[in-house]
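As recorded in Swiss-Prot, the features of this protein are as follows:
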type	residues	note
ACT_SITE	CYS1135	active site, nucleophile
ACT_SITE	HIS1260	active site
ACT_SITE	GLU1262	active site
BINDING	GLY307, ALA308, ALA309, THR310, GLY311, SER312, GLY313, GLY314, GLU315, ILE316, ARG317, ASP318, ALA678, SER886	ATP binding site
DOMAIN	1042-1295	domain 'Glutamine amidotransferase type-1'
REGION	305-327	region 'Disordered'
Amino acid sequence: MMEILRGSPALSAFRINKLLARFQAARLPVHNIYAEYVHFADLNAPLNDDEHAQLERLLKYGPALASHAPQGKLLLVTPRPGTISPWSSKATDIAHNCGLQQVNRLERGVAYYIEAGTLTNEQWQQVTAELHDRMMETVFFALDDAEQLFAHHQPTPVTSVDLLGQGRQALIDANLRLGLALAEDEIDYLQDAFTKLGRNPNDIELYMFAQANSEHCRHKIFNADWIIDGEQQPKSLFKMIKNTFETTPDHVLSAYKDNAAVMEGSEVGRYFADHETGRYDFHQEPAHILMKVETHNHPTAISPWPGAATGSGGEIRDEGATGRGAKPKAGLVGFSVSNLRIPGFEQPWEEDFGKPERIVTALDIMTEGPLGGAAFNNEFGRPALNGYFRTYEEKVNSHNGEELRGYHKPIMLAGGIGNIRADHVQKGEINVGAKLVVLGGPAMNIGLGGGAASSMASGQSDADLDFASVQRDNPEMERRCQEVIDRCWQLGDANPILFIHDVGAGGLSNAMPELVSDGGRGGKFELRDILSDEPGMSPLEIWCNESQERYVLAVAADQLPLFDELCKRERAPYAVIGEATEELHLSLHDRHFDNQPIDLPLDVLLGKTPKMTRDVQTLKAKGDALVREGITIADAVKRVLHLPTVAEKTFLVTIGDRSVTGMVARDQMVGPWQVPVANCAVTTASLDSYYGEAMAIGERAPVALLDFAASARLAVGEALTNIAATQIGDIKRIKLSANWMAAAGHPGEDAGLYEAVKAVGEELCPALGLTIPVGKDSMSMKTRWQEGNEEREMTSPLSLVISAFARVEDVRHTITPQLSTEDNALLLIDLGKGNNALGATALAQVYRQLGDKPADVRDVAQLKGFYDAIQALVAQRKLLAYHDRSDGGLLVTLAEMAFAGHCGIDADIATLGDDRLAALFNEELGAVIQVRAADREAVESVLAQHGLADCVHYVGQAVSGDRFVITANGQTVFSESRTTLRVWWAETTWQMQRLRDNPECADQEHQAKSNDADPGLNVKLSFDINEDVAAPYIATGARPKVAVLREQGVNSHVEMAAAFHRAGFDAIDVHMSDLLAGRTGLEDFHALVACGGFSYGDVLGAGEGWAKSILFNDRVRDEFATFFHRPQTLALGVCNGCQMMSNLRELIPGSELWPRFVRNTSDRFEARFSLVEVTQSPSLLLQGMVGSQMPIAVSHGEGRVEVRDAAHLAALESKGLVALRYVDNFGKVTETYPANPNGSPNGITAVTTESGRVTIMMPHPERVFRTVSNSWHPENWGEDGPWMRIFRNARKQLG
């Protein structure tokens, strides 16, 4: 039976206005829209009155419910029938954890009520198209139609393909029908294999073969034999990449054989809880570094949010599934798309060439895709610290005549670093009889054929197959699985995981054969043991779907009880679906139909399938000299600063959590003005050391339109000039991931790919001492479509994205572009040696040109010398600022340094040649360094010792004030105010934020950037930062116990435990499942902290599901009430813990006036480094800190304080319960965005009880308790940041 329950309004006023504006622009007479959530409960038994009231209370969250009866035509948008939304999974979990076992499933839709004039059927279709994502949602016209969401279908049996009867044609037909993308020789191979087996193949076997042997999974082109211009080539592409490892194997622990590569890390104190006692402690051991970079291009073109989200999720799983289990740590993301053409902000170089119907626009991709990638990382609890963004779409001359080159098929890059124990780097042995396990969520009928689909050029496959190949994301589920993996690796030698892989392309049909084959075994499986929420799925759909957040593992049979215990505690679903066999054979039994859908020798599936040969011709690029007429430097500056590749990226940065883990030493945002210009990302290796890890990106894809090899060399060079900004030491410590994107088969591109791989793998990297132990290729970077009567193609440039990773010697010595105005000198190190090439530059692009000669690595020895020299200067502390030269050239390098330093520039480019345009806008490799004037001679001497004397040019100095002036020989070349440049540079991000977020907030932020008087972040402390008020109590040896409380989806508990640990507490890991099961109680604890994250993925309101699981369980409710009423206890709630505890007001004495925390005014997750003031309040944790103003990490989507009315707010204030407020950089309490990131009235962001024993706050003090983890800080701070005082106050209060 289904019950329908109304929910809160689903759209804010500005979202409704945006929708109405879109309808008006489409000339649709829609006058008014009201939207509210509707909940559907699928019940297995009726609810009594109390249970019904409980369900209603559970589903009451967010803004107040509307009291009026909605007017207008109903359009009900729900998840597609046959799928289960992540919302449903988590909401159902909450209902069950609150004791409502009669609820089979909860699902949610949005009821739109449309008031409109007379609309035709076609116009109504336009309206519905605006209101739902056809890839994930459907539209009903009555609430009762939602019954279809819970319809159960009968299982369907496997289908046989009549090869023996119909011969080869049966395989050809199946290939087309199922979208298998099989090549002719693969069809021959299968015909031969099944003829020898004497039986017909089943559809599931063909599908499994297609996925396992797709280009996406098998990398056939990189393993192919090559004939170029009639000449046999000696090596495959992959062998040339492997040559870098053969030449420089130093520091690499695992390459080419696992889900990620591993290199040596540092010996540090890894901090985690003991399995038996739950007590957190440091464990001195090597934290080796793993690295991986994936792409998820095809799904992102079809449906950007889930495409980018599952791209990030898949890469995170790759990291977690390395060795015998590892810990993902920090991420990077990148996008290459065609021109944005922002409505009302179209740029002169942006022409509309059309696109295929089934893919979305570049603007849609950059509106939704980054949000999807960020949301997954945020909810999983991984900071996203690095990235790139390129737009390119142009008609260019080539040997094929004029052709369209650009990124209609986008690049969506997802990568990152993690850590792994030394003993777990290599996978274990799979014993015969080992249990084969799927860890994670249920099988769903989604993501079918993603491996094969992504191996085709967009436009080749059927639209329904594109539709089927898009996946769905549930990061909170992946977090639960990762917690299980963490518990396993933390057991050391007792780790129950023998072997682990993630489930990606091809689903279990690829993952399970790979698992057993890599372990030297076969496998025997039972189809019906696979967790599935859709009983009507066919065997093919169950085995081959790409439902996300799943891992496959081999676990020794005797370790299964331990594994079961860990999964139950973390509430991570798992299923044992088979066992390993001695015979290298794959069999899949179907208990329902008592048949064998799969019965194959493994070598048929994974054996020597036909090897590809690429027989190709070289076509040299055809460039035209840059036409200069009409180009002025002033116009060029404005255009280049508007090019998205160059322009400010704030709209891509602040949506991503950059402080979670408490181990982020360098994020994108630099300095007191928080400008997104960092050279590289840096994390600390642990919570107790200054060793670390660095990541940087390099890519120069447009150059490939002129010179394939130069483009590849520049990508390596740029990654190197970016990562050089931190203290690494020997260049052999740097390891690279190479992600290759090409339109294989396009005339000239294959030979160009070979040329590029050879340039990097055989020549440049070996000469530099660099290794490429990991990478990925995507060989179908082309879209085809019909535009009117014309066939069109959009082909991406050959695109190599290099991600560089390294161990860092001391994270404190990371140099940023932030300029100082002390007596200084700016030096340009020009590795272009005066070539100043303008081909394929940002300058050329903004004038719709390509040019002829591009930049290149001019001298490999000098590039190596450059890296060594910068490392020497970093170690000697000689550099004040550093920024590499890249897109936009020297002009942009200097401008970004000035923005970060909020200062002027007095530059002289007389020594850079007579061509001023080329001097300012060439994109040859190099960097600008700032040194003290007194150090200039010594610095130039170091550079000369490294062979760079002829590359060094004095180009002026940073000065106080707002003028940005470039001269040559006494003549002004360019002069403008820095503020004006800053505003131009920011206009793209402003326009994107206006489109995507609350436009009022976007306007406020943009306006703030034009204020030259802004003093930036600053600190005013009312206490001695170096005083340890806890020291006398720690000296007694007594360590009070603090319960570090987490719920499923919480992700900030480890850094919270570490902060309390440092203050003299015994931090104990307590999961809500421990309390609900009675394994742990709160009676032994002196303090309790509820940690941040996304409990239940913020479903049913941020923190509200967590709170209700306490309130609706009598025993646990009593336990919390007793704790809060007990004198001599302290409690802290941070972020999600704050939201949760604000919903426990009925249990916490003195909290009656506490507010609720609701959606930010921006309607967006906000990750900021915000200034707050400690106000006079009873809070025991903030004693002695009143009046202090200091920055703190903020990361939340629902942090805005909501009070009932003005009287409620006045009472909260008059009682003195407000503990922290947001202030602007002038020290004034503020409601203005982004200084106040959530729009809370009077800047309120923390409150306390009348006794001061319980304090809740939205910002994250635990993430910045170490100075080194602050995005910016005064130079005189030591190891401890000022927020460490909160934790020491806690220890002091407990005596």
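Placement of Cβ uses the backbone N, Cα and C atoms for every residue, glycine included.
Sequence features, as recorded in Swiss-Prot, placed on the structure.
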residue : record                   : Cβ contacts under 8 Å, 6 or more apart
ALA309  : ATP binding site         : GLY372, GLY373, ALA375, PHE376, ASP473, PRO475
GLY311  : ATP binding site         : GLU294, THR295, HIS296, PRO299, THR300, GLY373, MET412, ALA414
GLY313  : ATP binding site         : PHE376, PHE380, ASP473, PRO475, GLU478, GLN548, GLU549
GLU315  : ATP binding site         : LYS292, VAL293, GLU294, GLY331, ALA414, GLY415, GLY416
ARG317  : ATP binding site         : ASN259, GLU478, ASP502, VAL503, GLY504, GLU549, TYR551
ALA678  : ATP binding site         : ASN386, ARG666, ASP667, GLN668, MET669, VAL670, THR816, PRO817
CYS1135 : active site, nucleophile : SER1052, CYS1091, GLY1092, GLY1093, SER1195, HIS1196, GLY1199, MET1257, MET1258, PRO1259, HIS1260
GLU1262 : active site              : GLY662, SER1052, GLU1055, MET1056, ALA1058, ALA1059, CYS1091, GLY1092, VAL1134, TRP1283, PHE1287
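Under 8 Å from some Cβ of the region 'Disordered' (305-327) lie the Cβ atoms of residues 133, 135-136, 254, 258-260, 262, 290, 292-296, 298-299, 333, 368-373, 375-377, 380, 382, 412, 414-421, 423-428, 447, 470-473, 475, 478, 481-482, 485-486, 488-489, 495, 497-504, 548-549, 551, all in the same chain and six or more residues away from its ends. When the Cα positions of GLY307, ALA308, ALA309, THR310, GLY311, SER312, GLY313, GLY314, GLU315, ILE316, ARG317, ASP318, ALA678, SER886 are compared pair by pair, the longest gap among these ATP-binding residues is 32 Å. The Cβ neighbour count for GLY307 (ATP binding site), using a 10 Å radius and every protein chain shown, is 28. Summarised by DSSP class, the composition of the region 'Disordered' (305-327) is 16 helix, 1 strand, 6 coil.
In three-state terms derived from DSSP, ALA678 (ATP binding site) belongs to neither a helical nor a strand segment and is classed as coil.
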